[in-house]
Amino acid sequence: MAVSVAPNPVTEAGRAEAAEYDAILLASFGGPEGQDDVLPFLRNVTRGRGIPDERLEAVSHHYRAFGGISPINAQNRALKAALEAELAAQSIDLPVYWGNRNWDPYIPQTLQDIYDAGHRKVLMLTTSVYSCYSSCRQYREDIGVALTETGLAGRLRVDKVRQYFDHPGFVAPFVEGTSAGLKTVREALGAADGSRDSEIRVLFSTHSIPTRDAEAAGRSEGEPREFEGGSAYVAQHLANARAIMAAVAPHVAWDLVYQSRSGAPHIPWLEPDINDHLDAIAAGGEGRQAVKGTVIVPLGFVSDHMEVVWDLDTEALDKCRELGIEAVRVPTPGVHREFVAGLVKLISERTVDRNLAQRPHATDLGPWYDVCRPGCCENFRGAKPVIAEAGTGESIVLGATHDAYPDATAERQGTSAPGTEA
Ligand SMILES: CC1=C(CCC(=O)O)c2cc3nc(cc4[nH]c(cc5[nH]c(cc1n2)c(C)c5CCC(=O)O)c(CCC(=O)O)c4C)C(CCC(=O)O)=C3C
Ligand SMILES: [Fe+2]
């Protein structure tokens, strides 16, 4: 593949010395584990977010069809175990705790458990990799609120691993899966030699979000940065898709599409929706051949949770069948060996090998920031305490001071030393 991983110069002695954090928090979305959990879970997710009842009703059916059980918690248990094994294999002595935003084990309880076990400095790793309110700031706020509500603010410090959309460990499994998926689709079209590639389209699918949230993603006061597609969220996906296609099949056409839209119909969300797009490409037009085969890449997600197994495997693949399109859905990173090893590298770049110049990144957009700039992924419903934000009174109150990051641009260029962040 086209992406490369920087060499790791760390010695065993260096590891022990540099360990500044004393626990890892694996933070995720959470999901229901039985029919009785479904509605309470959906109420947790949508609290104050104005999701129409019809949408909640529809989504509850997705969960009900799976016995009320989301696959996400089992996947996170497996990820936690894999992470522990890889940390041990690399002699990094940090316990891993797991906490969710929307279901048990809830983040506030996990923070309390971490504190009660005697830990004081936590590094959070989330199962969401791009920059937007839902996948970055909302996690930072949930920690801020939890620290406040548990009374742990100022006593327990929580920092956060950078958004890692273009870490080679996240990208590599998609390269592998897209390559395998393309082979399968070519064979299904009776053209293993690639002679019908002009009838194949690779669709990179991610979660739609409100356009307003997209535009606020990755922004900062004082650094108005222009992003391809109008936002960091879109630009990050485009950059990843391009890197994957460059490694797999540069001549095959591809598109970035969106799924799982919710919210009121009059509010603009990112488009096109994957199912609408399938209709359009099956019909051809605009000088393009009608599409007969597609490889669906769930680029926005780290595991095969409900948004993947329902919205893609059920709805989008049904749509392909209906349209006579040969289709394959590529696996998410899950517990892929390279993904897990990549997560440990993301931890070790904050603990034992803090060389900013060597941070791996598969696109020109990265490596992304450790600490968000003020105003990044603004919460339009009102300010909340946050962690991992440069220069906010709140983060200092919460024990996550970032004096070493007076401005994240300097940090990005390697002119301030993360080793001094405490
Ligand atoms: C960007 C993004 C990711 C990817 C990053 C990440 O992985 O975090 C993601 C992941 C997920 N979303 C999930 C589930 C849900 N998301 C919802 C609602 C929403 N998601 C949004 C965005 C995202 N969501 C948004 C802008 C809303 C609107 C309401 C709001 O602004 O909050 C709703 C409410 C009903 C509905 O609208 O569908 C549910 C049930 C699950 C769990 C799956 C399982 O159980 O296996 C996962 C991993
Ligand atoms: Fe979601």
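Each residue, glycine too, has its Cβ placed from N, Cα and C.
TrEMBL annotations:
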type	residues	note
BINDING	Ser70, Tyr139	Fe-coproporphyrin III binding site
BINDING	His207, Glu307	Fe(2+) binding site
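Feature map: TrEMBL annotations on the structure.
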residue	record	Cβ contacts under 8 Å, 6 or more apart
Ser70	Fe-coproporphyrin III binding site	Gly31, Pro32, Glu33, Phe41, Tyr63, His305, Met306
Tyr139	Fe-coproporphyrin III binding site	Ala27, Arg101, Met124, Thr126, Ser128, Lys160
His207	Fe(2+) binding site	Ser134, Tyr258, Gln259, Ser260, Gly300, Phe301, Glu307
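Cβ neighbour count for Glu307 (Fe(2+) binding site): 23 (other Cβ atoms within 10 Å of its Cβ, all protein chains included). For ligand 1, the neighbouring binding-site residues among Ser70, Tyr139, His207, Glu307 are Ser70, His207, Glu307, by Cβ distance under 6 Å.
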